[in-house]
Amino acid sequence: MPKNSKVVKRELDDEVIESVKDLLSNEDSSDDAFKKSELMVDDQEEKDVDVEEGSDVEDERPAWNSKLQYILAQVGFSVGLGNVWRFPYLCQKNGGGAYLVPYLILLLIIGIPLFFLELAVGQRIRRGSIGVWNYISPKLGGIGFASCVVCFFVALYYNVIIGWSLFYFSQSFQHPLPWDQCPLVKNTSHTFVEPECEKSSATTYYWYREALNISSSLSESGGLNWKMTVCLLAAWVMVCLAMIKGIQSSGKIMYFSSLFPYVVLLCFLIRGLLLNGSVDGIRHMFTPKLEIMLEPKVWREAATQVFFALGLGFGGVIAFSSYNKRDNNCHFDAVLVSFINFFTSVLATLVVFAVLGFKANIINEKCVIQNSEKILKLLKIGNLSQDMIPHHINFSSITAEDYNLVYDIIQKVKEEEFDSLGLKSCQIEDELNKAVQGTGLAFIAFTEAMTHFPASPFWSVMFFLMLVNLGLGSMFGTIEGIITPIVDTFKVRKEILTVICCLVAFFIGLIFVQRSGNYFVTMFDDYSATLPLLIVVILENIAVTRIYGIDKFMEDLKDMLGFSPSQYYYYMWKYVSPLVLLCLLVASIVQMGLSPPGYNAWIEDTATEEFHSYPTWGMIVCISLMVLAILPVPIVFMVRRCNLIDDSSGSLASVSYKRGRIIKEPVNLEGDNTSLIHGKSPSEVPSPNFGKNIYRKQTGSPTLDTAPNGRYGIGYLMADMPDMPESDL
């Protein structure tokens, strides 16, 4: 049919006017969403298909097989190694049971609200972190890219820790365990204990020398540690195989990787409570030191732990929730996962301190025996009088209480020359006050305690298998935070991207399996995530509450959930959480400025750790990690602000929205340019009904303007039809 036919033109105009009348007749006067210029296009929920801007291909988004699978994925991501070896350390360091008070308060103020926010935006927009923030405002698209960069940095060194756990797991099938005793060195004349091990301990020596074979400084590379290189490769192969099919493969693995750690923790707790001295450890743990709770440092560390425990800012939470159904109750999910995370930390703390109490009693018994022998020697040479020793004391089977009684008597009688006697007090509390965190807790303190367990290889296998599972659960969420946004944005094949991502990460990760690799792990852990993630989450909060609009977001939540969320979240998101996050950011910057940047190096000759400042190039790397992580935010903002990239695409017209949910319309850009209804002539298509595609952008027409709320409203669509006579509109 000729393009300039007046008859066709008139029929076409009549069809469009009828279509508009049909739309207006279906308007619900009480529907606030419609009044905000949101175009309702399809009334059949089951036909809603998510689409990203620029997509011309109709593809159903994957979905979780069950709600349980999704919850386990979120729990597996949020519950990680930090729950086992950082929370107990912070609890011990910051007032014992009193530390739980600021932690719970901050969990309610920033933890649950921000976790709920990330779950909601992922489920609402159904895209990864890049697509979510692009949708809210293209200028803020850099937030998603920043999350991906941080995820990549964290994945690089986090998988190294899984590699360490795999190494210890593989070495646990021996009796006795290889770190049970110091190795003996033979020479031509005699056999002696390895000096480095004798100066430290068997487990410490095994960690630094046998496992890491660590160098004495960051600048001394020492070449690759082949054992750890193989373990790192195995860790990346496991992650790649689990993630290669997306949630279809990783979701099923979650049943094991998320639940198995709880089985192990419960077994350890039961076994730990049966050990001698475990009650001392738990009592020490929950003895509140209320005066410490008033220190600002305690609140800062509690806020940081809440922030990282839930995985905020990484993009993994958003990625996982984007595969949910639109009407999923994400508020329930947020509260459930947050408290599961908290109770997991408490459970792990009970286990840790039960085991540490047992270890402290063993060390205390050795201390009592050694110092009792010293007292006997002092009695023999006449430095001490037998009259000072109570008659009921038997040094051959002396208890800790009897030793402390003798110690106090000698200290009072020999007050002036007591120090020269070289006696120790041997208090269990002194040993428990030695705060141990991170790798020192898992690979030194815990391994030492397990050497005293009956059937120690079994418990060692279980413990390190638990660490591997905890690490993998977090890695799945971290990698999903990288892959999902890139797949959604650039439409690449997920399988190919997953393999490439894991290969690149493995080769870059070789810097962590050098002999100096442990120092690089410390560097990345300290500088690659803390400040960038805080900035990312602050920007996320601002994007939702200020750019998108907190009132509009609350309406979207009401539409998704079927009920209005508590006004508590309104005030938290709008006022309290941003303020607390800003305070935390400032406190972290101040803390970073006051603490000298450096690392603890292991010195072989003295068998001790020694603090070293980073060299100049090391400082440059630290600063570069922080800058690179947050750099995408200003770059994308300037690119969008200055229109440096042409976003014009005919497929943009295929995007419309239903009550705040992005859905896909069929696009057919072929055929007669006068066809406004699916590319067909007016004679072929009846007057469109509600739920059909009505308008689409003409080929060659200017780029669609975006509505102020980031959507394409009806006015913007109709105003972009140059061939439509103004009089007919």
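Note that Cβ sites are derived from N, Cα and C of the backbone, with glycine treated the same way.
Just so you know, TrEMBL annotations never went through curation; they're auto-generated.
Features as listed in TrEMBL:
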REGION    27-57  region 'Disordered'
TRANSMEM  70-88  transmembrane segment
BINDING   Gly76, Val79, Asn83, Asn341, Leu470, Ser474  Na(+) binding site
TRANSMEM  100-121  transmembrane segment
TRANSMEM  142-169  transmembrane segment
TRANSMEM  226-247  transmembrane segment
TRANSMEM  259-282  transmembrane segment
TRANSMEM  302-323  transmembrane segment
TRANSMEM  335-356  transmembrane segment
TRANSMEM  458-483  transmembrane segment
TRANSMEM  495-513  transmembrane segment
TRANSMEM  533-550  transmembrane segment
TRANSMEM  571-594  transmembrane segment
TRANSMEM  614-639  transmembrane segment
REGION    674-707  region 'Disordered'
COMPBIAS  696-706  compositional bias 'Polar residues'
Quiz item: In terms of Cβ proximity under 8 Å, which residues at least six beyond the ends of the transmembrane segment (142-169) contact it?
Solution: 81, 128-134, 211, 227-228, 231-232, 234-236, 238-239, 313-316, 439, 442-443, 447, 460-461, 464-465, 467-468, 471-472, 474-475, 478-479, 481-482, 485-486, 505, 508-509, 512-513, 517, 520-521, 524-525, 528-529, 532-533, 535-536, 539-540, 543, 625, 628-637
Exercise. Enumerate the residues of the same chain, Gly76, Val79, Asn83, Asn341, Leu470, Ser474 excluded, that satisfy the criterion Cβ within 8 A of the mean position of the Cβ atoms of the recorded Na(+) site; list them in sequence order.
Key: Val75, Phe77, Ser78, Gly80, Leu81, Gly82, Ser258, Pro261, Thr344, Gly473
Quiz item: If you count other Cβ atoms within 10 Å of each one's Cβ, which of the binding-site residues Asn83, Ser474 has the most?
Solution: Ser474
Quiz item: Would you call the transmembrane segment (100-121) and the transmembrane segment (302-323) in contact, using three or more Cβ pairs under 8 Å, pairs 6 or more apart in sequence?
Solution: yes
Quiz item: Against which stretches of its own chain does the transmembrane segment (70-88) lie, if we need a Cβ under 8 Å and a gap of at least six residues from its ends?
Solution: 64, 161, 247, 250-251, 254-255, 257-259, 261, 285, 305, 308-311, 316-317, 320-321, 323-324, 333, 336-337, 340-341, 344-345, 348-349, 352-353, 437-439, 441-442, 467, 470-474, 476-478, 480
Self-check item: For the transmembrane segment (458-483): best-contacting stretch of 259-282, 335-356, 495-513, 571-594, by Cβ pairs under 8 Å
Solution: 259-282
Self-check item: Non-local residues, at least 6 beyond the ends, that sit with Cβ under 8 Å of the transmembrane segment (495-513)
Solution: 152, 155-157, 159-160, 163, 224-225, 228-229, 232-233, 236-237, 239-240, 243-245, 479, 482-483, 486-487, 520-521
Quiz item: Just how many other Cβ atoms lie inside 10 Å of the Cβ on Val79 (Na(+) binding site)?
Solution: 27
Quiz item: Excluding the flanking five residues on each side, which residues at least 6 beyond the ends of the transmembrane segment (259-282) place their CB within less than 8 Å of a CB in that stretch?
Solution: 72, 79, 344, 347-348, 350-351, 353-362, 428, 432, 453, 459, 462-463, 465-466, 469-470, 473
Quiz item: Other than its own, how many Cβ atoms are within 10 Å of the Cβ belonging to Leu470 (Na(+) binding site)?
Solution: 29
Quiz item: Are there residues at least 6 beyond the ends of the transmembrane segment (226-247) whose Cβ is under 8 Å from a Cβ of it, and what are they?
Solution: 62, 64, 73, 159-160, 162-164, 166-167, 170, 211-212, 253, 320, 323, 472, 475-476, 479-480, 483, 494-495, 498-499, 502-503, 505-506, 509-510, 512-513, 517
Quiz item: Around Gly76 (Na(+) binding site), how many other C-beta atoms are within 10 angstroms of its C-beta?
Solution: 27
